[in-house]
Amino acid sequence: MVVFERRPGADKRNIKKGMTMNFFAPLIVLLLLAVLIWVYSWQLIVAIAVACISVPFAVLFLAGAYELLAEGSPLLVADLVIIAGLFAFIGFALYLVFIAPAYYLLRHLNAPFHITFPALVVMFNLGLFVLLAEQAPIQGYVLAPLCGLAHAWIILWLMRLLPPVRSKR
């Protein structure tokens with residue numbers, strides 16, 4: 001439940017404007033998602049969403065469990081959810097912009113799709129990691145391609161698993 005509290009010194013117009021943005025932001029996201037579902041297939045969007053949500057949560061949970069068992073530091077679930085959620089949100093947007101069109105492009109090429117698509121996703125993740133990480137340990141250069149491979153396998157598996165919606169024409 002969202003509670004709008006009045007801060008001292010805030011007038012009603014500022015609160016009203018904030019409420020309007022809180023109302024329109026989810027509508028804008030839903031409208032963009034509807035356009036993407038119209039442009040891409042719903043199966044690809046669901047597969048990308050599941051991959052972008054599950055892989056960061058799994059990797060960060062395993063890292064937290066390792067720290068808990070090996071080093072005795074507590075597993076902070078709230079921090080895990082926030083960090084994994086940021087990875088998932090940003091990754092979902094990047095995958096819809098770059099990987100989804102490449103998926104359809106690679107589908108129409110004569111190259112073996114089950115090799116080229118995972119290779120593309122691995123190169124995309126490694127490229128992003130190299131561009132964004134300033135001083136990363138060597139484990140990051142191993143983890144980024146492995147996460148890309150996990151993303152690609154989840155997307156391919158779900159694309160095969162989810163049935164296509166046929167038009168009634």
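A Cβ is built for glycine as well, from the same backbone N, Cα and C atoms used for every other residue.
Feature annotations, courtesy of TrEMBL:
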TRANSMEM  21-40  transmembrane segment
TRANSMEM  46-69  transmembrane segment
TRANSMEM  81-105  transmembrane segment
TRANSMEM  111-133  transmembrane segment
TRANSMEM  140-159  transmembrane segment
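When Cβ-Cβ distances under 8 Å to the transmembrane segment (21-40) are tallied for each of 46-69, 81-105, 111-133, the top count falls to 81-105. Within the chain, the transmembrane segment (140-159) has long-range Cβ neighbours (under 8 A, six or more residues past its boundaries) at 43-44, 46-48, 50-52, 54-56, 58-59, 95, 99, 103, 114, 117-118, 120-126, 128-129, 133.
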